[in-house]
Amino acid sequence: GRAPDLRYVEEAARHIAETATTSKIVVEKSTVPVKAAESIKTILKTNKQRGVSYQVLSNPEFLAEGSAIHDLLAPDRVLIGGDDSVEGSLAVKKLSWVYEHWVPKEKILTTNTWSSELSKLAANAFLAQRISSINTISAVCEATGANVAEVAKAIGLDSRIGPKFLNASIGFGGSCFQKDVYNLIYLAESLYLEPVAEYWLQVIKINDWQRQRFAQTIVQNLFGSVSGKKLAIYGFAFKNNTADTRESSSICVCGYLLAEGASLSIYDPKVTSERIFLDLSEQTGKTEKDLHAHVTIANDAYDAAKDAHAIVICTEWDEFKANYELIYSTMKKPSFIFDGRLVLDHDLLISIGYNVFCIGKKPPRNQFLCRSPV
């Protein structure tokens with residue numbers, strides 16, 4: 001279901017109530033559903049020891065993987081939510097005082113608890129929405145001959161929109177975006193706001209569709225079949241500069257290609273082979289032993305591409321800007337590249353001899369085009 005799992009939050013609240021002998025300020029840091037603070041307060045109040053009181057604050061973190069330390073030291077804003085009471089205001093001031101040691105006071109925003117909790121969910125939902133929005137435009141670009149990178153730059157120069165999170169790709173991943181959008185959907189459904197729930201559900205559906213669409217493009221342009229063909233998968237983490245594979249689009253693409261009979265040679269600079277096989281086993285329902293017949297883990301990008309029919313870019317690692325002339329010499333011909341992150345020089349690749357297909361750009365007419373007979 002879409003209902004959030006708060007068992008560990010509730011356990012933590014009970015543990016605090018059982019052990020605290022003096023009054024405390026309890027701070028929510030993790031992303032939680034709206035009204036989670038109410039649940040925490042209820043647990044603390046009903047289990048507290050005599051003479052102990054609590055104030056529960058919402059102080060969501062806005063850290064991004066790969067830049068967490070920078071985001072902590074130089075945040076865009078610090079959000080603190082508390083009760084609309086004298087005690088609540090005092091607790092907010094105390095936590096604000098801690099942040100004021102390194103964060104300018106004008107960047108510290110105080111709200112009520114519900115606003116703080118909802119702001120975190122809404123922020124992640126809006127970021128996910130932007131990615132799904134530009135990905136819908138990428139499909140239009142591929143059908144019309146427009147270039148999604150050019151379109152994104154043009155609309156991003158509008159000061160009302162801005163350029164961030166307008167990079168078309170094979171979809172968003174990570175531990176937060178999908179979970180928080182689902183939390184927002186669940187909240188809307190529980191409040192009988194069906195049009196709101198349906199609106200945000202489309203963000204998830206577009207993300208899933210983009211992944212599948214990319215995988216289908218690979219199959220269609222490899223003569224309608226990848227059965228028995230070796231494909232080099234560049235990247236398994238959900239984004240660069242992390243080993244996190246949670247909700248990674250690469251997992252979905254790999255699962256689809258394996259179901260179509262492909263053999264995969266996967267390389268990611270940080271993700272372990274154990275993690276890759278565990279994720280693929282969960283995605284496909286196959287045992288690790290079964291997967292070993294169709295999946296190998298490469299030592300580097302060059303090793304992955306040797307004797308491969310195609311390269312599939314799933315994560316935007318800098319090291320994938322490699323020597324593609326050398327790589328081309330080791331691949332089966334015709335050689336294909338499917339760029340799901342728009343990180344390569346496509347004109348250069350075409351001049352080398354690759355057939356290049358990418359998100360948000362129609363392939364050149366002089367390329368080898370093969371559509372599925374289905």
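Using the three backbone atoms N, Cα and C, a Cβ is placed for every residue, glycine included.
Note that this is a predicted model, so its numbers are computed, not measured.
Binding of NAD(+) is attributed by TrEMBL to T31, K179, R246, and the same site annotation extends, among E65, E87, E142, E288, to E65. Among the candidates K105, K107, K120, K286, the one that TrEMBL lists alongside F62, L63, A64, E65, F165, L166, N167, A168, S169, G173, K239 as binding substrate is K120. For the domain 'UDP-glucose/GDP-mannose dehydrogenase C-terminal' (232-346), the model's pLDDT averages out at 97. Looking at K179 (NAD(+) binding site) and L166 (substrate binding site), their Cα atoms lie 21 Å from each other. Counting other Cβ atoms within 10 Å of each Cβ, the binding-site residues A64, L166, A168 show the lowest value at A64.
Residues T31, E65, K179, R246 make up the record's NAD(+) site, and a Cβ search at 8 Å around their centroid adds G174, S175, C176, F177, D180, E247 from the same chain.
The binding-site residues F62, A64, K120, L166, A168 include none with a CA atom within 10 A of the CA of R246 (NAD(+) binding site).
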